[in-house]
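Trainee: Structure in structure tokens, see below.
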Ligand code: BES
Ligand code: ZN
């Protein structure tokens, strides 16, 4: 069935605005709003102000920059504000909350970028730049939709409530409290939440996403000598923190990805036959994984166990070691204090506090078995919940229609291995459904070097998000 006239009109307008939309994304990417790094914090704030101005220029109202105070564990580092805004306040319309994040992961040219990460560069169908897909491209697409409607003088048939944060990549600090505080105020009456902060599974087939894993992030600090030591003088004489940490690391997970901490597997919801069958229809192969990662290093022989490992089982990753020697060359140092970092992606029905218990007990037991005289402390840095929803509700129905209009195919229904910790908080506190409606592709390289978004996804993505709003007005909200 051909889309209704106002939607084809919207699509044509979006096509004609392509150069302006690319420029808007270039302006956003040029602000290095890296949340993980205190030195960049003014840039994160600058990005919030950029969002504020864009929203104001595009006709949004009731724009508020919500201050969240000082970041815990710091002296005077202010958290970046949450940007709230409305577009439309017609009481006869449904209210849709749009969430996205305007902060990005760190990026340095010397990490292996072919171009300056904070300058949007087009090559063929690809736009390279930090945040192009995660999450500035999708966030800017929401702005683009406002411009397209404004220029057409076309009504958006739902009221929009925007909530953009600047700490997502660092655990969404402060946002959960804000959602609770505003549930009956700014967010009162929200009927649905839409988040575009995820990706297609591969590079050709659109998806709608109904689940994400949670994440619990831990540190293991091992300390002994009062200062770094010369290994020629003290090697073989002292207990070395780095050696201890390596041993503890090796007891967390094996090279096949099996978690070695007792008590975690038991918490995972059993795989039912019905759930298992859902994986048979996904249009994705092992070669798709290999394409995404640019190598043939997948643990599994078949796509189904690989997808299940990513979506519905926990995983444990080791991320790095603070205090360890990592420069080129051969420094003969014994680091005095090292902080090992690892995280566990969580799934139903792992309870975060129970997980902490088994993690702490295991690390302490393994360390005590080493017989080392060093001191070991294991701590939780931050955690975020997993989320799984019903992919057949009215919001998904609207998104399916929109996706079909734009891409001409039925979207696959996927879960994700990554985390958007705030998803569950929106669902629970606003008592509403959430959908993840992606713009980018699985091979975009979010968090990686040479992150990109395809121009086609960026433009078709704007159409998909725009049509979704129209179909949402048309769909009957579930009881
Ligand atoms: N956009 C990602 C979430 C995501 C990742 C969705 C992979 C789908 C697939 C988001 O910006 C992100 O990276 N989140 C962090 C959250 C963490 C810092 C609490 C993550 O997953 O590591
Ligand atoms: Zn993101």
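Any Cβ shown, glycine's included, is placed from N, Cα and C.
Worth saying up front: this structure is predicted, and the values here are computed from it rather than measured.
The Mn(2+) 2 binding site annotation in TrEMBL covers 101, 134, 197. Here TrEMBL flags 103 as active site. Annotation comment: TrEMBL describes 134, 169, 447 as Mn(2+) 1 binding site. Per TrEMBL, the feature active site, proton acceptor maps to 168. Sequence annotations record features per position, and here TrEMBL assigns substrate binding site to 197, 230, 332, 345, 419, 447. Taken from TrEMBL, the feature domain 'Peptidase M20 dimerisation' applies to 210-367. The site 'Important for catalytic activity' annotation in TrEMBL covers 230.
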Trainee: Taking the binding-site residues one at a time (101, 230, 345, 447), which has its Cβ surrounded by the most other Cβ atoms within 10 Å?
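Mentor: The residue with the most neighbouring Cβ atoms within 10 Å is 101.
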Trainee: Give the helix, strand or coil assignment DSSP yields for residue 168 (active site, proton acceptor).
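Mentor: DSSP call for residue 168 (active site, proton acceptor): helix.
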Trainee: How big is the gap, in Å, between the Cα of residue 230 (substrate binding site) and that of residue 447 (Mn(2+) 1 binding site), rounded to a whole number?
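Mentor: About 36 Å separates the two Cα atoms.
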Trainee: If the criterion is a C-beta within less than 6 angstroms of any ligand 1 atom, which of the recorded positions 103, 230, 345, 419 pass it? List them in sequence order.
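Mentor: Going through 103, 230, 345, 419 in sequence order, those close to ligand 1 turn out to be 419.
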Trainee: Please work out the mean pLDDT for the residues of the domain 'Peptidase M20 dimerisation' (210-367).
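Mentor: Mean pLDDT for the domain 'Peptidase M20 dimerisation' (210-367): 96.
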Trainee: Taking a cut-off of under 6 Å between Cβ and any atom of ligand 2, tell me which of the binding-site residues 134, 197, 230, 419, 447 pass.
Mentor: 134, 197
Trainee: Quick one: Cα separation, residue 134 (Mn(2+) 2 binding site) versus residue 345 (substrate binding site), in Å?
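Mentor: Residue 345 (substrate binding site) has its Cα 19 Å from the Cα of residue 134 (Mn(2+) 2 binding site).
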Trainee: What's the number of neighbouring CB atoms sitting within 10 A of the CB on residue 419 (substrate binding site)?
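Mentor: A 10 Å sphere around the Cβ of residue 419 (substrate binding site) contains 24 other Cβ atoms.
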Trainee: Of the recorded positions 103, 197, 345, 447, which one has its Cα closest to the Cα of residue 168 (active site, proton acceptor)?
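Mentor: Closest recorded candidate to residue 168 (active site, proton acceptor) by Cα: 103.
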Trainee: Between the Cα atoms of residue 101 (Mn(2+) 2 binding site) and residue 447 (Mn(2+) 1 binding site), find the distance and write it as a whole number of Å.
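Mentor: Taking the Cα atoms only, residue 101 (Mn(2+) 2 binding site) lies 14 Å from residue 447 (Mn(2+) 1 binding site).
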Trainee: Please list residues from the chain of residue 197 (Mn(2+) 2 binding site) whose Cβ is under 8 angstroms from its Cβ, counting only those at least six apart in sequence.
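Mentor: Counting only residues 6 or more apart in sequence, the Cβ neighbours of residue 197 (Mn(2+) 2 binding site) under 8 Å are 99, 100, 101, 134, 135, 138, 168, 420, 436, 438.
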Trainee: Express the distance between the Cα positions of residue 332 (substrate binding site) and residue 169 (Mn(2+) 1 binding site) as a whole number of Å.
Mentor: 35
Trainee: Taking only same-chain residues 6+ apart in sequence, whose CB is under 8 Å from that of the residue listed as 'active site', what do you get?
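Mentor: Listed in sequence order: 33, 34, 35, 44, 47, 80, 165, 166, 167, 168, 169, 170.
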Trainee: Which one of these recorded positions, 134, 168, 169, has the sparsest Cβ neighbourhood, judged by other Cβ atoms within 10 angstroms?
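Mentor: Sparsest of the recorded positions 134, 168, 169 by Cβ contacts within 10 Å: 169.
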